[in-house]
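Enquirer: Features from TrEMBL:
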DOMAIN    77-418  domain 'Amidohydrolase-related'
BINDING   HIS86, HIS88, HIS256, ASP330  Fe(3+) binding site
BINDING   HIS86, HIS88, HIS256, ASP330  Zn(2+) binding site
BINDING   ARG95, TYR158, HIS191, GLU259, SER335  4-imidazolone-5-propanoate binding site
BINDING   TYR158, ASN332, GLY334  N-formimidoyl-L-glutamate binding site
Amino acid sequence: MSGKPLLIQKAAQLVTLKGSSTAPLRGKAMEDLHIIEDGSVWVEDGIIRSVGTDAQVREQVGSRLEEAEVVDAAGRLVTPGLVDPHTHLVFAGSRENEFEMRLQGATYMEIMEAGGGIHATTSATRQADEEQLYQESRRRLDQFLRHGVTTVEAKSGYGLSLEHELKQLKVAQKLNRDHPVNVVSTFMGAHAIPAAYKERPDEFVEQVIREMIPEVARRKLAEFNDVFCERGVFTPDQSRRILEAGKEYGLAPKIHADEIEPYGGAELAAQVGAVSADHLLKASDEGIRAMAEAGVVAVLLPGTAFFLMAEMADGRKMVDAGVPVALSTDCNPGSSPTISLPLIMNLGCLKMGMTPAEVLTATTINAAHAIRRGHEIGSLEAGKKADLVVFDVPNYMGLQYHYGSNHTRTVIKDGKVVYERD
Ligand code: NIG
Ligand code: FE
């Protein structure tokens, strides 16, 4: 990569999160944002070369400043590009009808058991061709970018057959190539038992293990392997088999755990060495302890609890128990149809008892670690990718305090300005 160097100058607060590249932050350290006042960042070839006060950076850079493009952040907040570590980005259609049904009292699982829910989106996604899926997903990715997100994880799981799972993953791969936002792929063939296998779920589990995982790995279409471990979907035993099979093919385990009822998902995550366990609304104390010990990142999804009108996962308790916590939208058409990571941050503060500093850690460096990217994104340090956001607020608390607004002003990805609000 070449082109002009870039100076992002004079941020009122520059949130660096320095020193957190090797492991996610836990406990009290989740509040150590390592803020520089009147901070600047020097970028060359898409990589951060220097971070400090404006005076320090100017002195280091010297006369090279003359050739640089300048983004003036005076009076504003600058943070690492936000990272969303759990989305179901690639799907077709929407499910407003189910939203109405739930408002009238039907539950998420009842709708799914009656053939709606994930099954409804699976039908729509199977019918859509690659181009349609690409266009629909690309519009969502544009929206993520406008809210300050520079990397998302994206799961398959609305194909539920080899052909259609591959189609979803190919769309995610193409988006990663074409779009400024990076897309990190997760295979989630075990997202639901397809209707045709309702009476013989183990046959579907075998199909995921013998047919889908090897092919996804052979084509290098995913880095992670995820399972919806929940009563009525995949049992802990089936989930373990699927996650262990993925490991043999180099796919790192993730798990949708303890979302609707306590089911041993958090414990299983610790046992299989999952990179993250996600949801955790009903995780047991034992499971939380096991995750802290094993260093599994808890990816909490307050938008899902909000939208399903359920009790939130206890973010406060998990942070205090030493679990590294990340936050995410869970963007999907059923339980969380939002692309707004800033809204999720608001909910983290107001509904999960986390502090503004903790939620910022949870959507930058800890989110990066939840998708094994902590070494290259999530903090502003020399050597890392130049993914940054300028927010129209004077300090990091303003992001949460002025809730419900999109404060994103400028987004820089790989050292280039890729979004600027008019
Ligand atoms: O993370 N819980 C399972 N999967 C998604 C929802 C998928 C859907 O309803 O379409 C989730 O909430
Ligand atoms: Fe999910």
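One is the number of the first residue shown, and numbering goes on along the chain from there.
Using N, Cα and C of the backbone, Cβ positions are placed for all residues, glycine too.
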Enquirer: Where among the binding-site residues HIS86, HIS88, ARG95, HIS256 do you find the Cβ with the fewest other Cβ atoms within 10 Å?
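Expert: Each of the binding-site residues HIS86, HIS88, ARG95, HIS256 was scored by Cβ atoms within 10 Å; lowest is ARG95.
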Enquirer: When you average the Cβ positions of TYR158, ASN332, GLY334 for the N-formimidoyl-L-glutamate site, which other residues in that chain have a Cβ within 8 Å of that mean position?
Expert: HIS88, PHE91, ARG95, GLY117, ILE118, THR121, GLY157, PRO333, SER335
Enquirer: Relative to the Cα of TYR158 (4-imidazolone-5-propanoate binding site), which of the binding-site residues HIS88, HIS256, ASP330, GLY334 have a Cα no more than 10 Å away?
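Expert: Candidates kept after distance check: HIS88.
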Enquirer: Does DSSP give HIS256 (Fe(3+) binding site) helix, strand or coil?
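Expert: Going by the DSSP assignment, HIS256 (Fe(3+) binding site) falls within a strand, counted as strand.
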Enquirer: How far is it from ASN332 (N-formimidoyl-L-glutamate binding site) to GLU259 (4-imidazolone-5-propanoate binding site), counting Cα to Cα, in Å?
Expert: 15
Enquirer: Got a sec? Which of HIS86, ARG95, ASN332, GLY334, the binding-site residues, have CB under 6 Å of any ligand 1 atom?
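Expert: Passing the 6 Å Cβ check against ligand 1: ASN332, GLY334.
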Enquirer: Return the members of ARG95, GLU259, ASP330, GLY334, SER335 (the binding-site residues) with CB less than 6 angstroms from at least one atom of ligand 2, or none.
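Expert: What lies within reach of ligand 2, judged by Cβ under 6 Å, is ASP330.
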Enquirer: Distance check, please: Cα of GLU259 (4-imidazolone-5-propanoate binding site) against Cα of ASP330 (Fe(3+) binding site), rounded to an integer number of angstrom.
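Expert: Cα of GLU259 (4-imidazolone-5-propanoate binding site) to Cα of ASP330 (Fe(3+) binding site) measures 12 Å after rounding.
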Enquirer: Out of HIS86, HIS88, HIS256, which of these binding-site residues is nearest SER335 (4-imidazolone-5-propanoate binding site) by C-alpha distance?
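Expert: So, of the listed binding-site residues, the one sitting closest to SER335 (4-imidazolone-5-propanoate binding site) is HIS88.
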Enquirer: Quick one: which of these binding-site residues, HIS86, HIS88, HIS256, ASP330, GLY334, have their CA within 10 A of ARG95 (4-imidazolone-5-propanoate binding site)?
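Expert: Among HIS86, HIS88, HIS256, ASP330, GLY334, the ones whose Cα sits within 10 Å of that of ARG95 (4-imidazolone-5-propanoate binding site) are GLY334.
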Enquirer: Cβ within 8 Å of the Zn(2+) site's Cβ centroid: which residues qualify beyond HIS86, HIS88, HIS256, ASP330?
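Expert: These residues sit around the Zn(2+) site: THR87, LYS155, ASP226, ASP278, HIS279, VAL299, LEU301, THR304, SER328, CYS331, ASN332, SER336.
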Enquirer: Including all protein chains displayed, how many Cβ atoms other than that of GLY334 (N-formimidoyl-L-glutamate binding site) lie within 10 Å of its Cβ?
Expert: 24
Enquirer: Including all protein chains shown, what's the count of other C-beta atoms within 10 A of the C-beta of SER335 (4-imidazolone-5-propanoate binding site)?
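Expert: I count 24 other Cβ atoms within 10 Å of it.
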Enquirer: Using a 10 Å cut-off between Cα atoms, which of these binding-site residues sit near HIS191 (4-imidazolone-5-propanoate binding site): HIS86, HIS256, ASP330, GLY334?
Expert: HIS256
Enquirer: When you measure from the Cβ of ASN332 (N-formimidoyl-L-glutamate binding site), how many other Cβ atoms are you left with inside 10 Å?
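Expert: The answer is 25.
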